[in-house]
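A.B. asks: The following block contains the structure, expressed as structure tokens.
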């Protein structure tokens with residue numbers, strides 16, 4: 001029996017040693033996780049409704065080791081979507097340890113780093129993402145863009161070429177290759193790439209602007225000018241949509257951040273993509289007039305004028321003193337040809353926006369159209385007094401004087417205006433027209449000034465013909 005005890009003791013000792021090693025290993029991993037675990041960002045309260053509670057719930061789920069990957073991923077994306085970028089980067093770095101085989105995490109971390117201009121730090125992450133997801137075009141596209149910005153055009157070419165193998169004819173990859181060609185001095189190749197990109201997507205932002213540059217360097221200014229005429233928007237290149245980007249509609253809690261993102265999408269020619277963000281923002285802040293205004297203007301960009309009216313009217317109800325909202329609604333009502341509603345918006349604006357010269361001017365136009373000349377004269381005179389450097393109000397004032405049969409007063413306004421703005425084509429056009437109709441001997445001088453103005457009137461030829469028909473000679 002004593003001989004059996006020794007092996008049992010040895011086995012027990014080995015088991016205890018193994019168990020102790022496992023406990024030590026788990027404790028070591030727990031300590032490592034405690035150091036790597038992202039911290040909760042500072043609370044934001046009502047500025048991002050529901051965000052604090054959602055972040056805290058995620059943090060509780062990944063507080064201990066082994067970490068909850070789903071909770072950690074949600075935490076990272078919540079932080080990124082709501083502008084807590086330092087905490088988002090910490091969370092993505094933690095995900096690289098917890099979920100090392102998922103390509104999204106290095107890809108999203110790299111997107112944050114490139115936003116700070118940290119291309120050297122982003123490159124290895126994008127290369128890791130490309131290794132983990134070699135069939136995902138967006139990974140190679142972003143890798144090519146960062147390589148190009150890092151002055152590694154040959155490696156960028158390899159990445160963009162991979163995109164074309166995965167997605168033949170991709171205009172963003174063609175644009176990237178054109179930039180590589182241009183950087184390396186291959187102008188003809190760059191031109192061909194850009195023409196191919198434009199053929200694939202005629203509205204590709206930035207393509208026509210860059211093509212104009214290439215044509216200039218090739219010595220073809222006419223082709224360059226033709227390309228510039230085809231530029232849409234501000235001509236700035238915008239990145240390809242990222243299918244792995246954080247879903248702001250699902251993770252956004254900051255209404256203002258959602259508004260900014262929606263506005264950027266709309267400005268970049270993607271108004272339809274802005275609608276879910278605005279819908280999300282309005283669930284969080286239904287009384288925010290800015291959100292209703294942006295929703296209305298987004299529908300205007302989409303051509304859905306009937307859908308635009310309700311949110312703009314709601315915005316004006318919430319902020320009746322906001323001149324921009326009132327102007328947006330006024331312009332929409334004119335597009336809808338609802339004159340009574342448009343006039344009411346103007347008249348209400350006189351009270352709601354008492355310092356607005358724009359609505360005084362609009363009220364003057366309404367009065368003039370209705371034949372209420374004295375009221376119109378008073379409105380236009382007040383606007384001209386307040387904004388003496390502008391010409392619209394005095395031009396309308398002169399026209400109203402003429403309509404009221406007060407010829408001398410109308411002519412005096414135009415002459416004063418011409419003295420203040422001797423090179424203004426609109427003012428000179430009015431003077432010439434009036435001079436022709438009244439046979440004013442000064443008309444020839446006014447027409448000569450119109451002809452030599454820095455921006456001659458668009459109807460100059462018509463004015464010359466009318467002058468000749470009236471006076472029988474040319475000035």
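Cβ atoms are placed via backbone N, Cα and C, with glycine included.
Pulled these features from TrEMBL for this protein:
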- 137-170: repeat 'TPR' (REPEAT)
- 289-322: repeat 'TPR' (REPEAT)
A.B. asks: What are the DSSP helix/strand/coil residue counts across the repeat 'TPR' (289-322)?
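C.D. replies: Across the repeat 'TPR' (289-322), the residues distribute as 28 helix, 0 strand, 6 coil.
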A.B. asks: Sequence-remote contacts (6 or more beyond its ends) of the repeat 'TPR' (289-322), Cβ cut-off under 8 Å?
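C.D. replies: Result: 255, 259, 262-263, 266, 271-272, 274-275, 278, 281-282, 328-329, 332-333, 335-336, 345, 348, 352-353.
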A.B. asks: Reported in the order helix, strand, coil, what are the DSSP residue counts of the repeat 'TPR' (137-170)?
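C.D. replies: DSSP classes over the repeat 'TPR' (137-170) add up to 27 helix, 0 strand, 7 coil.
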